[in-house]
Amino acid sequence: MGACISFFSSSSPSKTGLHSHATTNNHSNGTEFSSTTGATTNSSVGQQSQFSDISTGIISDSGKLLESPNLKVYNFLDLKTATKNFKPDSMLGQGGFGKVYRGWVDATTLAPSRVGSGMIVAIKRLNSESVQGFAEWRSEVNFLGMLSHRNLVKLLGYCREDKELLLVYEFMPKGSLESHLFRRNDPFPWDLRIKIVIGAARGLAFLHSLQREVIYRDFKASNILLDSNYDAKLSDFGLAKLGPADEKSHVTTRIMGTYGYAAPEYMATGHLYVKSDVFAFGVVLLEIMTGLTAHNTKRPRGQESLVDWLRPELSNKHRVKQIMDKGIKGQYTTKVATEMARITLSCIEPDPKNRPHMKEVVEVLEHIQGLNVVPNRSSTKQAVANSSRSSPHHYRYKAGALGAERKRATPGRFGSVEK
């Protein structure tokens, strides 16, 4: 039988209803930490919404917190049909907690359809034996089922049947920012880089603007997905948390995330602030400036962390020119590079109190985008044309072996399952 999730409960609104008890398996080299104990496998889920203490219907920056979830409940047979029985040639990618397949559904009813008929969707089939897989599935349904914004990926439906856990998303044909940014010998044009981070910033600003803020906790280039127009949408809410309540400054939680992006205060103490997301956003800004990955153990000692390595260079406008990606030379002005360095440096401030709010970041980036008037944009136009010819898969969310610096490599998560 398929399962329908109860988002609301009459129990105390101070609890989230998320309970996972697990031991920790530690892995090195930035791969995911997982657990194998204690997952609930009943065919129905009765749990309180994480949004039970947020005012419903809040509209902010063209987004809203929905009064009730609008998700289609699929049975397992539906999704077997939509993916040709999960055949290997339908698989888009895989990770530590499951695999993602290309599927087909009716564009109007979202009912499963024959391959090649209707619209393409992305179907994530999670590993039901993993407690973390179950926790992430539940978190995605809770958050993406209740949040609507043009810069958040749309969750269309879900399935929980026996031990099967699946999620159905809109398909993002242009892949992820990561899949474009770190391609070898094919630099991604500056105009698209700035457009994409502005869209991502708007999505993050929306999460932070809710009456009870949502902390995304896993902001990184591989989680910024792109539609056919290169409009950015945040994906993967498996680690998202509600922000602090009752005028507290932070929430305390087990340390989970991705090396190179996690804020220093969170790594040191487990204290998670709304502005911990701002730090991660600053890391992505540094990535689009340099074309280098946030964390790479193949780099020389002292350069593994992009932030630790290049933070000192950002305050010197002459050095900023030296760290900019050589592949996009001529596509931006000196003023643009200097202003980008300034907002990036502000975002990666060691003290979260000194970081800007994401709404301010959006305004600054929009201003910078308007500054970028270069004499000759022919190289940019050609680069955009080259990018448009390729649509790399973006669902390979497991860390792989790192090769050369510009070789595509998704950083893996660290951390243990949360209680």
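Glycine residues also receive a Cβ, built from the backbone N, Cα and C atoms like all the rest.
Here's what Swiss-Prot has on this protein:
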- Gly2: N-myristoyl glycine (LIPID)
- Cys4: S-palmitoyl cysteine (LIPID)
- 8-48: region 'Disordered' (REGION)
- 15-48: compositional bias 'Polar residues' (COMPBIAS)
- 86-368: domain 'Protein kinase' (DOMAIN)
- Leu92, Gly93, Gln94, Gly95, Gly96, Phe97, Gly98, Lys99, Val100, Lys124: ATP binding site (BINDING)
- Ser117: phosphoserine (MOD_RES)
- Tyr169: phosphotyrosine (MOD_RES)
- Asp218: active site, proton acceptor (ACT_SITE)
- Ser222: phosphoserine (MOD_RES)
- Thr253: phosphothreonine (MOD_RES)
- Thr258: phosphothreonine (MOD_RES)
- Tyr266: phosphotyrosine (MOD_RES)
- 378-390: compositional bias 'Polar residues' (COMPBIAS)
- 378-419: region 'Disordered' (REGION)
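Recorded features from Swiss-Prot, shown on the structure.
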residue : record                       : DSSP (3 states)
Leu92   : ATP binding site             : strand
Gly98   : ATP binding site             : strand
Ser117  : phosphoserine                : coil
Tyr169  : phosphotyrosine              : strand
Asp218  : active site, proton acceptor : coil
Thr253  : phosphothreonine             : coil
Thr258  : phosphothreonine             : strand
Tyr266  : phosphotyrosine              : helix
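Neighbour density for Thr253 (phosphothreonine): within 10 A of its CB lie 17 other CB atoms from the protein chains shown.
Ranked by how many other Cβ atoms sit within 10 Å of their Cβ, the binding-site residues Leu92, Val100 place Leu92 at the bottom. Counting neighbouring Cβ atoms within 10 Å of each of the recorded positions (Gln94, Ser222, Thr258), the lowest count belongs to Gln94. On a Cα basis, Val100 (ATP binding site) lies 28 Å away from Thr253 (phosphothreonine). Note: the Cα of Ser222 (phosphoserine) and the Cα of Leu92 (ATP binding site) are spaced 14 Å from each other.
Counting only the Cα atoms, the space from Leu92 (ATP binding site) to Tyr169 (phosphotyrosine) is about 13 angstrom. Note: the Cα of Val100 (ATP binding site) and the Cα of Tyr169 (phosphotyrosine) are spaced 10 Å from each other.
Residue pair Thr258 (phosphothreonine) / Asp218 (active site, proton acceptor) shows a Cα separation of 7 Å. Residues belonging to the domain 'Protein kinase' (86-368) score a mean pLDDT of 93 in the model. For the residue listed as 'active site, proton acceptor', the number of other Cβ atoms no farther than 10 Å from its own Cβ, over all displayed protein chains, is 23. Ranking the recorded positions Ser117, Tyr169, Asp218, Tyr266 by the distance of their Cα atoms from the Cα of Gln94 (ATP binding site) places Tyr169 first.
Counting only the Cα atoms, the space from Asp218 (active site, proton acceptor) to Tyr266 (phosphotyrosine) is about 12 angstrom. For Gly98 (ATP binding site), the nearest of the modified residues by C-alpha distance turns out to be Tyr169; the candidates were Ser117, Tyr169, Tyr266. In sequence order, Val121, Ala122, Ile123, Lys124, Val153, Lys154, Leu155, Leu156, Ser235 are the residues of the chain that are 6 or more apart from Tyr169 (phosphotyrosine) and have a CB within less than 8 Å of its CB.
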